[in-house]
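Just below is one structure, and these are the notes that go with it.
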């Protein structure tokens, strides 16, 4: 809706025509933004962030490089657009069975690394987040979202520093094999990680 | 040594002058290679691999872009040079005290992430290792070197899938906070991770 700040939907004032032009312009910019966002995310996840350049994203989105440079002058702007449309992280829905819920959530995370190429998104966030405040904020939001289920489920049996260590270890059990060996962990490694941590944080 | 394939150090044959020229040429190439390698590693660890371009590395090394393109035509070549001179990973020397050795090794790893910027090196390896066989081989070697002490020490109390899971979790306890929050884990988180895993892999 573009009713103006007075909120009147039936505005017949002298400003009406100009406002309609602005509305059409806004819609065009919004459509361009959506197209470019989708293209930037596609390039990021299929080719990595080295490929997220104005030339490549313009080609994939079907716009001119000039249009992209006009609205989003830097490569970080393009990365920000890509992350804007990434959406929520996929999650396992907890059932109340501690072990099954942790294995389920780690399995969803592992599979999302492959299907959404979360490893490439994480690499881009880690690289740009170190120097760009906007990207660091996106990173913080995505990581908090990504960790939320493990943190809640595991929070039933651990807290404080032990919870922080356990959450980092669960993330690491999935992401380290991807980053360091180029392969995701097997079901057996996921289950072993859950069993080690559950046994490890128990008080007996 | 450039004595030729016959191994004679006192060669006065008709080929001597040409061989000396080759030797001087080899020495010059070797010096260029060493200079460019050092410059490429410096650029990688201070600015990240986005900055590892022929222009930047040539400037830092004090050579012309043409020289770099002649010997190392691609950016992957420059990354390979940087990794060639990275050397061995720093390690804690095991004392036989399981808990102290694991905490010591993780602390050395954490500190090396900051001092050597291992996170940036890991990001470059993860990115390029996915598509470039040469880089994947360097990655395998560096990861095996990096994990060797934890794998040996922890191998006294765990094996097989549980050892693989535990090693990935230890790496993750250090590297995930760096990649995901932009900060290294505290001494308390390192100790908590070691205690969780040691308790978790125990059979009682």
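Backbone N, Cα and C define each Cβ position, glycine as well.
Per TrEMBL, the range carrying the annotation region 'Disordered' out of B:1-29, B:30-58 is B:1-29.
Beyond the ends of the DNA-binding region (B:53-72), by six or more residues, the same chain brings 29, 32-33, 35-36, 38-40, 42-43, 47, 78, 81 to within a C-beta distance below 8 angstroms of the stretch.
Applying DSSP to the domain 'HTH tetR-type' (B:30-90) sorts its residues as follows: 46 helix, 0 strand, 15 coil.
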